[in-house]
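Read the structure below first, then the notes.
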Number of protein chains: 2
Amino acid sequence: MDYEILELGNVVLQNGATIRNGRLAYKTFGTLNAAKDNVIVYPTWYSGQHTDNEWLVGEGRALDPARQFIIIPKMLGNGLSSSPSNTPEPCNGPRFPKVTAYDNVRVQHRLVTEKFGIERIRLVTGWSMGGLQTFHWGAMYPSMVERIAPFCGSAKCSRHNFVFLEGVKAALTADAAFAGGWYKTKPETGLRAMARVYAGWGFSQAFYREQLDIKAMGYSSLEDFLVSFWEGLFLPRDANNLLAMLWTWQNGDISANELYGGDLKKALNAITAKAYVMPGITDLYFPPEDSEFEVANMPNASFVPIRSIWGHFAGGPGLNPEDVAFIDGKLKELLAS
Amino acid sequence: MDYEILELGNVVLQNGATIRNGRLAYKTFGTLNAAKDNVIVYPTWYSGQHTDNEWLVGEGRALDPARQFIIIPKMLGNGLSSSPSNTPEPCNGPRFPKVTAYDNVRVQHRLVTEKFGIERIRLVTGWSMGGLQTFHWGAMYPSMVERIAPFCGSAKCSRHNFVFLEGVKAALTADAAFAGGWYKTKPETGLRAMARVYAGWGFSQAFYREQLDIKAMGYSSLEDFLVSFWEGLFLPRDANNLLAMLWTWQNGDISANELYGGDLKKALNAITAKAYVMPGITDLYFPPEDSEFEVANMPNASFVPIRSIWGHFAGGPGLNPEDVAFIDGKLKELLAS
């Protein structure tokens, strides 16, 4: 096992349900220094595991284990932290409770403080749903977080983003083998349908126009890309886990809690961390206009667009070297400030 | 019955299959004048019937039955023209042959010439797949077509558009009740899933951000919009018909025929008609960049963007009065030139 587990005991969630004997999986890189001031928190994305985050970590990078102590906490529902697939009866499968990004960050905060005794975080950063969690860190623990850099993510799931995810969910659950979540064997047709729906959203029109699936990623045809990349991405995942995280995504909102009572502007305004908000300019689910709204309502934020035609995948997981170099460079700039 | 039928006899298609006793449904408005020079052809869109085209026809409009003779030919596969749902065994249902836009326009040409003896067409126009057919008219019968105005459509299905449609198809066919097309009762789960996938594509991020589903269209909530508009749009349709037209769409290409041998630039260059190519600037499946490419390769075309946040539905079917006024105004301008 190449990661650690923090035993959480009973975790009472925002919606009132409890995860019993909860566990938070995480991985660290580097060493926490004596001053405990070299901490970077880097949450995972939808369906991603820690290994899917490692492309941004390495020698000479902003996230350099030789200098930083990097913590990758894995989202609840991702199959390694408490999830539908690894929770015993009766709260398993489709009965796994609804978990918010707020719930996720609260247990991540326990990891950071209780396990490591950390009081200050230099940077929280993440891609996509990792960006959602990054915004939550900034809004929930403003006095603790010095910098945030959400890339290709948002502080609140937009209505259009919600609708796109409704389509993904409908495709997966249209498969009768899904059986309301009580499948005994993998609902393969649904997982493949979900992947095919996702394919149009993940990369931009320009990406497909320029045939980067073939010319940059090396697939032999568009159909090969749809099967080998997209279906290959979702088939190994558990359907209930995917739906649990999808619910987390659809209900992501930094203001939907007792701190801000649903007032998004108030929540954004409370993020005092120095922030680089980094949308991909061709991202179809987190369009840059949403980031502009966020930046306009944050006291210490800069709008830092990723000028790429890789759509949502400008932000990860390390597919395009130019985008990786841009993001890494901006993280270095932010860390140096 | 509020439309007419042209009996086509045996129609041999591009791919070699034959539609036997084929029929082309159509509706006309206005009167063909003695000079036969007041003809407008206005093909239907994906899943649309003639009634879904009528929003652009009326007194005082560019398409005014008092002055123009307007022919609305219905696409093969739409349920009124020869389709999977109305063709007798053995070529019914999923065995209905693959029909291209080229095949469609060839039989429409028979309607125009054989039935009405028309030699010149003032204007061909259409939304979406109607735009695809409009481009085909311009490329297949350049000496016959004086003007074209495709709106929110393209001359060739782009790779990204193809992928979006793969997702729609996967959602519909993930329903086991679809049974490879041999369903005895409507595959309702699949049709609803397809509708929900479509919902994110049809309207833009900005449309949803501004809550125009509620504020302009009058739905009571986002979920009400997804059910009452989107699921309501697809549930009455026959699944095999939808898939037949989807194939037509995915394989749409004005150059994929003996005239142009797959050379898209050559085909675009052959469209001598005066053309207004009218993309919606927030259309997620026909982005304006594709239209710019088309215009750049056409000898007599103008790029006329519809500056709307209604996404693909800027072009139809008459949902937003401002967009309708804009399109109608541009058609008047084009007809007057």
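One is the number of the first residue shown, and numbering goes on along the chain from there.
Cβ coordinates are placed from backbone N, Cα and C, and glycine is handled just like the others.
Automated prediction, rather than curation, is the source of TrEMBL annotations.
A quick note: this is a predicted structure, and the numbers were derived from the prediction, not measured.
These come from TrEMBL:
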| type | residues | note |
| --- | --- | --- |
| DOMAIN | A:59-293 | domain 'AB hydrolase-1' |
| ACT_SITE | A:S128 | active site, nucleophile |
| ACT_SITE | A:D283 | active site |
| ACT_SITE | A:H312 | active site |
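Around A:H312 (active site), taking its Cβ as the centre, 24 other Cβ atoms fall within 10 Å, counting all chains. Following the DSSP three-state reduction, the secondary structure of the residue listed as 'active site, nucleophile' is coil.
According to DSSP, A:D283 (active site) is assigned to coil rather than to any helix or strand.
Residues belonging to the domain 'AB hydrolase-1' (A:59-293) score a mean pLDDT of 98 in the model.
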